[in-house]
Amino acid sequence: MELENIAIMQQISSSLFAAITAMLLKLVQGLDFNQTLYLRALCSFIFLVCAVKHYKLQTCNFDQKNMQSLIQRGMLASFGAFMYFKGLDLVLVSESIILNRMSPLWTSFIQIVILKKEQFNFRLFLNMLLCGLGIYLVTRNNTNKKQTNDVENEYYHIIGIILILLASISQAIVNILIKQMDKQVDSLVISCYQSFFGIIFPSFNSIINGSTYIIPSLNETLMIFIITVVSILAGQLQVQALRQGKLSVISNVSQIQILFGYLIDFFVFKIKFSGKQILGNILLLFSLIPLIWK
């Protein structure tokens with residue numbers, strides 16, 4: 001199998017794990033949302049530090065360019081994740097994924113038009129066309145009764161949408177920073193920096209809001225542990241995919257996360273969708289064909 005196809009499969013797997021993470025975070029109801037985020041980040045940081053020490057990986061003393069990219073990527077990725085998961089609490093899983101999936105468009109635009117590091121071709125055009133049609137169809141029908149009932153406050157719903165859109169722009173910049181980083185910086189180290197900064201933002205927000213720390217129950221602790229493992233897998237697979245494949249291609253493959261989000265809403269949250277939305281998801285699935293089949 002070609003290296004680019006391996007990267008595509010890694011990104012598909014990453015998108016699946018990311019959709020599962022979003023679902024699990026919505027299922028943790030007993031804890032303050034900020035507490036769930038920083039406990040997840042803290043657990044991730046501990047796991048990753050243990051992994052880094054076990055494999056004896058270099059974590060610092062890189063050249064100035066790599067150190068700056070590590071810190072900038074860690075801060076931006078954790079801040080983007082904070083905005084995304086904060087917005088996720090205000091919208092549906094499928095809505096959040098659709099809005100966040102605008103990041104491949106930003107990534108492709110920066111990489112092709114601004115940085116001029118990749119070329120636009122017919123395969124990428126066909127992929128983006130099918131993705132665009134698929135996203136249009138799945139977002140066309142906003143009249144689902146259960147969706148209307150779930151989003152009770154329109155003001156907070158709009159805030160959630162804005163937060164996730166900002167997160168998508170942050171993710172695009174993060175993708176560029178990953179690609180610019182030397183291969184000597186291991187993907188575990190990259191995720192370790194992100195998890196460290198991921199502790200700061202929700203903790204700071206909890207202090208501002210005056211949130212009371214709630215001791216997690218056994219089930220909540222187990223859920224946070226599962227979320228941690230799944231999110232680490234999603235992050236590791238995505239970093240490896242972005243470093244091995246073409247940035248514009250891999251970022252657009254991540255659109256498949258929309259399909260996973262709708263499957264979760266349908267099978268787990270029992271939300272019904274229209275024929276147009278189902279057709280849109282089929283187009284999103286077919287959009288992978290131009291990238292894989294040469």
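Note that Cβ sites are derived from N, Cα and C of the backbone, with glycine treated the same way.
Listed in TrEMBL:
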- 6-25: transmembrane segment (TRANSMEM)
- 9-139: domain 'EamA' (DOMAIN)
- 37-55: transmembrane segment (TRANSMEM)
- 75-99: transmembrane segment (TRANSMEM)
- 120-138: transmembrane segment (TRANSMEM)
- 158-178: transmembrane segment (TRANSMEM)
- 159-289: domain 'EamA' (DOMAIN)
- 190-208: transmembrane segment (TRANSMEM)
- 214-235: transmembrane segment (TRANSMEM)
- 247-269: transmembrane segment (TRANSMEM)
- 275-293: transmembrane segment (TRANSMEM)
Legend entry - Positions whose Cβ lies under 8 angstroms from the transmembrane segment (120-138), at least six residues beyond its ends: 94, 98, 101, 104-105, 108, 112, 248-249, 252, 255, 258, 262, 273, 276-277, 279-284, 286-288, 290-291, 294
Inset, instruction - Express the predicted model's confidence over the domain 'EamA' (159-289) as a mean pLDDT, rounded to an integer. - result: 86
Inset, instruction - Run through the domain 'EamA' (9-139) and tell me, per DSSP, how many residues are helix, strand and coil. - result: 104 helix, 0 strand, 27 coil
Legend entry - Helix, strand and coil residues within the domain 'EamA' (159-289) as assigned by DSSP: 106 helix, 0 strand, 25 coil
